[in-house]
Structure formats: C-alpha cells, structure tokens
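Annotated in TrEMBL:
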COMPBIAS  712-721  compositional bias 'Basic and acidic residues'
DOMAIN    5-165  domain 'CSC1/OSCA1-like N-terminal transmembrane'
DOMAIN    356-623  domain 'CSC1/OSCA1-like 7TM region'
TRANSMEM  6-27  transmembrane segment
TRANSMEM  86-110  transmembrane segment
TRANSMEM  143-164  transmembrane segment
TRANSMEM  358-382  transmembrane segment
TRANSMEM  402-430  transmembrane segment
TRANSMEM  450-469  transmembrane segment
TRANSMEM  550-582  transmembrane segment
TRANSMEM  603-625  transmembrane segment
TRANSMEM  631-649  transmembrane segment
C-alpha cells in the first residue's frame, strides 16, 4: 500500500468524525433529544434541564469536551460506580504507555526503518508503507539493538504502570466492599442442586438442611420459581384465562368521553369504559403479602433457593465449604446483588450446566472458524495484484487511482467492521445459554468470548491469511508460528493502521452520536406519538463490547510498536478521543444498573500481559530472521521477566477480585452489631430478593427488557416532573383520577359524604378519603396507590381513599 492510500483512508475518517462530532454538538442541545444524550442525568435530576437560546442550539459547540474532562474521579465513582472508573483507568493507562511508545518509536525507530537500506527514496506520499516497517532494515544490521532497547523501555514502562494501576484499583475495591454495609449479597448465598423428596416440599428441605447444619447462623430462605421464557408465556396466558373466567357482571359508565389514540400514521376512536367487579370476584383474586397471586405456585418450585445468614462471615464460609459428599447436590455460590440476579437461569438444573458450557464452547469455536471466510475475503481486497489476477473484469475499474486508494486503503477494514457487528449479540446469546446466575456474569462471559474472538480473527487470521495469499503456503507445524508471525505481521501492519482508523475513530464518533437511540427517539415521538419518557429505557454501558475493543487496539499497539511505528500516532489519537467520549457517555447517557466492583480489571491486566509477551515473541522471531543473535538473546530474559511480573500480580492482587477477606467481613459484622444496624439489615434481607414484585411498575427492566428485582424509589424522587408545572407525572395522573372518580360518585347521587385524610402506609404520604354511611350494602369504588379500581364492601361503612 502506498502512503497516499493511507492518507486517503485517514482523510475519509477524519471527515466522518468531524461531521458526526459537529452534528452531536448541535443535536445534544435540541430539547427533543434530551432523553437520548442526557438519559442518566434526566433520571437523577428529575427531568430538569436548561434550555439554550434559539441561535445557540444550532451552532456547533466544543464545550462538551471541556465538561467531559472536568469530571473528577470521585464524581464518576459516585455517579457510575467502580466499573466505570476501572474502564476509564484502562483508557488512561493506554494513553500513558502509548505516549511513551510513540516518543521512543516515532523519533527513534521510524528513521532507522526508513533509512534501513541504501536506496533512492521517491516523493514521500508515493512511498510504499513497507519502507517505514522493520522489514526495510538490512540483514545483520548493527542498528537492531535500538529496536531491542525500545522494546525494553516499553515493556518496563508498561509493567510499572500496570503495577500501580492494579494496586490502586485493588484499594478502591476494598473500599467499595467495606463501605457497602447494607449490601444484601454479603449475607446471601444461592443454593442449587437441592435434592427432591416425596415426603416434604423443597422449601422444607432447604429449611431443615440449613437448620441442622448451619443452625447458629441460618436466618431464612427464599425459594426460586421457574420463570423461563416459555413459562412466562404460559403464566401470562393463564392469567388472561383466569381474568376471562372470573369476569362477572360488568357495569359500563357511558358518560365517559371517547378518546382518540393515534400512531402518527392512522388513528381511530375508542369508547372508553370502566369495569366494576362484583364482590364475589374479590376473594378469588386475593393478593398475598409479597404480591404473589394465590394460585398453586408450589408446583413451580425449582431446586434452587436464596439462603440468608445472620453474618457476612457465615455466608462466605458456607459458600466455600463442600456441603455434601455428592458435589452435584447442595451447590452453594455467593449470591449476586438483587438487581444483578439473572432470574431466567436460576431454575436450570445444576446437572445441565457443564453440558451447556461445553456446547457453547464448541459453538463459539465453530463460529470463530466460520468467520475465517469473510476475513480471507477482506485480505483479498488488500492484495491488489492477486485480486486482479483472480477477477480480470476489475482491471478497468482498478485503473483509476482514486478507486485503488478506496479498495486497498478503506474498503477492507470497513467490510471487516460490518461483519464484526454480528459478534456481540451472538456471543451474548452463547453466554446466556451457559446458565450464569447474574447479569454481570453473563456480560463478563460475553466479554471474554468477544475478546478471544476479535484477537483471533482480527489479528491472527488476518496475519496468517495475508501470508497465505502472498506465499501460497500454510503453517506446517506449531514451532513455525513465531517465524510466520515475524514475517507476516510487518506486512499486515498497514491493514492494522486502516483498521484503527475505521473501527476506532469512526466507532467513537458513532458512539457519541447514538444513532440507534436517535432514530428510535424520532419514531417514538413523531411516528408512535409517545410523549412521556420512560426511565427504564435508559441503556447501561456496554462493557462487554467496549472492553474487548480497547484491549484489541492495545494489542495492535504493542505488537506493531517497533515493527511499524507509524500506527502509534493513530492509536494515541484514538485513546485520547476515547477518553473524552467515554467520560461524556458515562456521565450523561448511560445508567449503572448493577455493579461488579471492578472485576473487569483482571481481564484487562491479563490481556495487556499477553500483548506484551506476544510482541516480545514476534520481536524474537524478527531478530532471528534478521540474523541478529545479540538482540534475539536479550529478548528471552525480557519474556521471562514479564511472566514473573504477571505471576507476582496474580498472587498479590488477583485474590482480592475473586473473594472477600475474612478480616474485612468480621470487622463489618462487629461494627453493625455494635451500632444496632444488624437487626435492620436482617429485616431488609427478607424482601431484598423479590422474584415477583407486587407492582410491575416498581420493577425497572434492564437493557435486556427483563424485570429486575430492585424496586424503584419513591415517586417524588425518581418520577419525571411535568415540563411546565414541575409536578411528577404519576402524581398528576393520580390526582386527576381521584377528582374524576369523586365527580363520578357525586353524580350518582351518593350522599352523606365526609371527606378527610388518612396516612398512606404504602407510599408514606396522605390519601384523600371519603366515608359514606350506608346500610343498604351498596358498593363503593376506591383508588389504590397503583390506580387500580377496587371495591370495598364493609357493611354499614364504606371508606374510599384517593392516593
């Protein structure tokens, strides 16, 4: 590839990024896009935002960059959690290490590569990019020791920075654990593989087992019920059937005016009416204390339960000890946080999990190898000579210089990026089938799969497929891998540079634009005419896609640093732009639905060590090909020292990310007992893991659209206010409904009314009540806190409350 082809690709991507960033600076100031670009802030600040002047709203403004850089780490930690801080720390680490690498390699290695052979250089834009690679250095060159020294500087700098980052993040994780006193997951374990008995129910089996073997520390338990996708459909159908069966005589209020519902394209009138149920149906649909309908749910109990302990230390000990001589029974794991529970997988039989993991592993491997086909096709586009030989009809098209620049410099990486968009949803599906018990565990598993997939296909398959096209040979044995990498990586460095431009720069620009959210917002407001913003629609940050992308670019930077230093400035621009974009998105757009406590950092650390070792092995092969025994000999100690450093970090810091320390847990237990908080925590434990919330609106669905177990806060705190009068929308709706019901009852001729207020224990506020002295057993209608029409027949006195 010529340098002008690379400059063409860079120009196209710079133009695309500049256009999208300018559009973002304008669109973010439009009132109709506030919920797209400020979703998290709207949810926390109750919908208050400042309107800009009419002229300012249509002028591109870079002030968002300054605001994104002004956020402190403490603000990010309190707003988005430790996971966001850890992710941004990885970005900062990349900026630091590649700034050092760029200074060393661009000013030290690049001139040596360019003047590595005695040749007449043409005009620089017409130069081939191969002259900037290490392949342009002569055999047995005495300047190869500079490359070796540069790799030593990069490796030692990376290890030092990694050590301090690991140490700092480990301290933040310890602070996160010790400061979360009321976290119910510290007292809770998930028990699976409960043996079935014909003499007692599964619930009694769990109670008897833990009362017998953990009697001093056992508090209570909660059974898990089967709620798979098919079971949900069947349960919903059963509820609809019961409603039709138990639907008795219905009274229609004809005085209610018709309403018109329009989708924006068509509309039709609908005569609204109210259903007033008879008293005989009330008992048939009694509601229990925890919101479950009284139907034979005992038949749906599965062999899993949440078990609550009196202390944190007792829970961690129970999770580490084998509970039975049969390892497939009474399997105990620490429970995830309540809003992190993946309820759909808890009912899966424990004996199936190992089969599911093997099946998903095989499916992932097959998918990885099937992806070789598009990767090979992409590499064929970058090899122009072979492409013209195989497809002669393209000779006329490829005679134009601009078309050559597009086909070889821009098109291959764009096609590969489009194919890679199918990887995250596929790997997320595979991770769901594995049977994880938490949403964060599912995302972490998907993150690992995507990371392995991208490293294998974007790096190794691109390298080896390019060498196959060039040399028409394949790798004959594993011992030839270092040599093949040493020969092929410098040749494919130009493709990696264009990949950084298209998949790196352009992806950040599209990320900040939120193209999907912007499109959906347009259809929702102007086509479907949905005016109210749903706080549950705020997305969570996609760590499982962004972490592999950042780590992949880090691998490309380490492996190409001394081989093709020209990639480093482009990588540095990517990480600097990513630092600004990700901080803006985390603070304004995404909502943290659950917290893992920084458990993504070991993945980042191990991948960085792998990248360093891979770069050192490739350099060892390159120095061997260049017949430089001194440089090759110095690479072996560097590989050993890097592996020893990784082992030290694994022994020193990694256990802190896998479990909790008994010292911290015992100190927290004693502190809670002395302060009197332990009884309050025990009371909260009994309702923390609610699989079936009493009110569907109190369950905020996560980004997968399934209900979470965490209930919302009070309406006055979380509800969106009306943009004109500033009152919460749900409160306005309830007040209007109360007044409307009052007028309706007055018009029916009900007398002897006494109005007053009584405390409302469900919401903590006051309820407007009306007391009617009636001896004829008439039925009155009241409005509950959820706005549901109910009947209360209390003999000689009827009490109506309007919340």
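Along the chain as shown, residues are numbered 1 onward.
Glycine is no exception: its Cβ is also placed from the backbone N, Cα and C atoms.
Remember, TrEMBL labels are computer predictions, not curated facts.
Keep in mind that what you see is a predicted model, and the values were worked out from it rather than measured.
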At an 8 Å Cβ cut-off, counting only pairs 6 or more apart in sequence, do the transmembrane segment (631-649) and the transmembrane segment (143-164) clear the bar of 3 or more pairs?
yes
For the transmembrane segment (603-625), distant same-chain residues with Cβ under 8 A (at least six beyond the ends):
86, 90, 93, 134, 144, 147-148, 151, 155, 158-159, 162, 165-166, 444, 447-448, 451, 482-483, 485-487, 489-490, 547, 551, 554-555, 557-559, 561-563, 631-632, 635-636, 638-639, 642-643, 645-646, 649
So what's near the transmembrane segment (550-582) in sequence-distant terms, Cβ-Cβ under 8 Å and 6+ beyond its ends?
10, 17, 65, 68-69, 87-88, 90-92, 94-95, 98-99, 101-102, 105-106, 109-110, 113, 129, 132-134, 147, 150-151, 154, 158, 451, 454-455, 458-459, 489-490, 493-494, 496-497, 499-501, 504-505, 508, 511-512, 603-604, 607-608, 610-612, 614-615, 618-619, 622
Over the domain 'CSC1/OSCA1-like 7TM region' (356-623), what is the model's mean pLDDT?
83
